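Everything on this sheet refers to the single structure shown next.
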Amino acid sequence: MKHPNVITMYGLYKNEESLFMVIDLAEGCLLDYVQNKGGKYPESKTMTFKDYVRCAMDVASGMAYLESQKIVHRDLALRNVLYIHDKLGIRGKVADLGLSRKSETGEYAAKSTAKTMPIRWTAPEAAARGIFTIKNDVWAYGITLWELFTKGKLPYSALKKEDVIPSVNAGLRLEKPDYLKHPIQTINRGTCKEEISEDDGYGETQEEVSKPTEIEENDDELGNDIWEMICRCWDIEPQKRPTFKEIYKILEKVIEKIPNEKVEEEVKEESEEDDGYE
């Protein structure tokens with residue numbers, strides 16, 4: 001199994017005390033990076049909207065590959081996405097396939113309990129039946145993108161773990177991240193306040209969950225396109241959720257429309273210098 005957006009395992013080594021895994025070299029966890037956890041990743045503040053969308057595309061591409069191999073990940077979350085840098089910028093790689101299973105039928109019946117299941121990322125039908133499909137991974141992908149565009153907040157942080165699935169079944173969904181309302185402006189201005197909890201690794205800010213709301217008239221079109229796709233990932237009916245190939249194509253169209261943010265900043269600076277005022 002080899003794909004540029006999936007961490008490759010090259011082999012195992014075992015001695016009397018430990019088991020070692022040889023995998024692709026990555027720079028770290030994308031969750032830690034976007035949170036700038038412990039102030040160790042100050043460069044994360046320079047990420048552009050295009051960087052974020054490219055990471056989202058990378059994860060979709062990696063998951064589409066797993067889908068083609070009839071592999072269900074079962075634990076997709078931002079903590080399980082690693083990152084590297086290349087000539088295009090920051091890139092994402094799907095990792096931690098410890099719970100993944102290959103299934104010729106496209107379904108996998110797990111013995112996971114609520115204590116071991118990543119409930120905040122788990123689709124309601126999977127939590128109820130213990131049967132996982134690629135459509136459950138699509139649900140988790142939507143949660144993962146929500147994490148990405150909130151700079152690593154904990155999903156449903158206002159709810160206790162045991163209340164998440166009943167609330168989701170009742171129609172509650174995560175709110176649209178502020179970044180996606182005006183993504184280019186918001187990310188470039190760095191307006192996100194980062195309050196990191198050392199206990200759970202997630203932002204402490206308590207977001208509200210709500211019924212799906214209408215998109216505000218003044219919200220950015222590109223952000224709307226992404227948010228509409230994310231909401232489709234959370235359709236209560238699994239078959240109505242998009243495929244990972246479809247998700248990739250949607251994001252591909254979005255990234256093609258994103259202006260060169262750095263060029264725009266330079267033009268703005270030049271106009272300020274030439275405006276004739278001191």
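Residue numbering: from 1, along the chain as shown.
Each Cβ is built from the backbone N, Cα and C atoms, and glycine gets one as well.
The annotation active site, proton acceptor is assigned in TrEMBL to Asp75. Taken from TrEMBL, the feature ATP binding site covers Arg79. The Mg(2+) binding site annotation in TrEMBL covers Asn80, Asp96. For 196-207, the entry in TrEMBL reads compositional bias 'Acidic residues'. The domain 'Protein kinase' annotation in TrEMBL covers 1-255.
Around the Cβ of Asn80 (Mg(2+) binding site), 24 further Cβ atoms fall within 10 Å across all displayed protein chains. Each of the recorded positions Asp75, Asp96 was scored by the number of other CB atoms within 10 Å of its CB, and the largest score is that of Asp75.
A mean pLDDT of 83 is what the model gives for the domain 'Protein kinase' (1-255). Within 10 Å of the C-beta of Arg79 (ATP binding site) we count 20 further C-beta atoms, all protein chains included.
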